[in-house]
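Input: a single structure, listed below in structure tokens.
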Ligand SMILES: C[S@@+](CC[C@H](N)C(=O)[O-])C[C@H]1O[C@@H](n2cnc3c(N)ncnc32)[C@H](O)[C@@H]1O
């Protein structure tokens with residue numbers, strides 16, 4: 001018995017659209033490509049997906065995005081090894097190792113995070129996650145209250161908990177990211193019931209909750225519309241760390257932050273992606 005596998009190369013903006021469209025014709029497992037330039041989609045066994053259905057789908061989009069795809073099959077017994085082959089551990093300098101459970105541990109790293117990404121974003125391979133982790137490493141998170149907005153795999157929340165944060169709440173607009181975060185909490189021996197993990201957008205943050213650090217690695221447009229609301233949930237003197245946008249977008253993001261007494265403390269750029277740390281001076 002075999003699974004159908006499909007590799008799609010497309011613009012980042014189309015990834016979620018294709019996931020939804022491919023789900024309609026019978027694909028059930030999706031993995032965003034690290035780098036954000038496409039996705040892998042897999043069907044369950046026994047799914048009768050016709051090549052013509054896939055061709056018809058992509059024909060509708062080929063004028064809107066640069067698009068190419070490779071269709072193949074994966075034998076059942078190779079399912080795990082195929083997925084594992086595509087997932088390499090990542091080292092954030094000599095500080096943090098992000099790996100799957102099947103990668104060997106490397107005790108020389110002060111912090112090790114175990115992540116099974118499934119369909120969620122957040123393995124540390126992407127420049128945004130990498131820089132968020134790198135900047136968080138230099139912060140004192142002991143006994144702090146942290147919110148991870150757009151948690152994906154939950155990698156940032158997990159890091160905060162491993163560094164001694166007492167409360168790590170996390171939310172994501174996508175249900176599967178929420179499920180995945182709870183699974184990954186458990187892989188890192190973080191007790192999910194001690195922390196809140198929920199599906200929602202910025203308005204779903206409980207009204208009275210405030211945090212020492214709010215993390216949001218999402219994208220420029222969502223951040224521009226969410227910064228004001230996120231700021232309401234930062235304690236006086238607390239921090240906001242943002243990523244998911246390019247270096248060129250820093251002025252727009254900082255302009256929005258300046259409306260709410262958020263002062264720039266730190267910034268980094270890696271392959272044109274940036275991450276910034278701001279302090280709430282209200
Ligand atoms: C770039 S990924 C970041 C994942 C992880 N925090 C990391 O740093 O690797 C962005 C995440 O934000 C989620 N997302 C997108 N729009 C959102 C919104 N309006 N509110 C909350 N989460 C959102 C996506 O589902 C995705 O999991």
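One is the number of the first residue shown, and numbering goes on along the chain from there.
In case you wondered, yes, glycine gets a Cβ from its N, Cα and C as well.
TrEMBL does not curate its annotations; it predicts them automatically.
Among 188, 217, 221, the residue that TrEMBL places alongside 129, 150, 172 at the S-adenosyl-L-methionine binding site is 217. Neighbour count (other Cβ atoms within 10 Å of the Cβ, all protein chains): 27 for residue 217 (S-adenosyl-L-methionine binding site). Secondary structure at residue 172 (S-adenosyl-L-methionine binding site), as computed by DSSP, is strand. In the three-state DSSP reading, residue 150 (S-adenosyl-L-methionine binding site) counts as coil.
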